[in-house]
Amino acid sequence: MFKKSYQFFALVLFSIFNVLVTSASAIDLDEATRTVVADSNGNTTVLTPEQVKRGKRLFNNTCGACHVGGVTKTNPNVGLRPEGLSLATPRRDNAAALVDYLKNPTSYDGLESIAEIHPSIKSGDIYPRMRSLTDEDLFSIAGHILLQPKIVTEKWGGGKIYY
């Protein structure tokens, strides 16, 4: 009798846990939050919920090892904060500029190609994770980078005081 009650109790607990865990969903972001700067002219675009999810997944899988939390592990002085992106030459604070950078990265001052040391489409032979990324994938990654300061605020690119 005790064994059957124990099994039933375990089954009920497992079911409750399973329902709570599988019913958890990502935060629903409103249209204003999903709006990012699209190009250097200041035009904006609204990311779809699918692009938001895809950008996060691709960023974490492709870029997250070196840019966790918006910080650059190899050079903490150059991160993914909006201020840092806007001061780069050329500016990288819009989706089109970030996509261009992911295709052909240059130094912060824009004078040298750094494709051999920074993953990019151009260096897909060195960084295999970049090989199969499409322009849509790159746009989703750029959207993720531009969206994070709105979601995690000062934590994005804030460094080890937050992570």
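Note: Cβ is positioned from N, Cα and C throughout, glycine not excepted.
As given in Swiss-Prot:
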type	residues	note
BINDING	C63, C66, H67, H118	heme c binding site
SIGNAL	1-26	signal peptide
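Local packing around the binding-site residues C63, C66 was summarised as the count of other Cβ atoms within 10 Å of each Cβ; on this measure the leading residue is C63.
Taking the binding-site residues H67, H118 in turn, the residue surrounded by the fewest other Cβ atoms inside 10 Å of its Cβ turns out to be H67.
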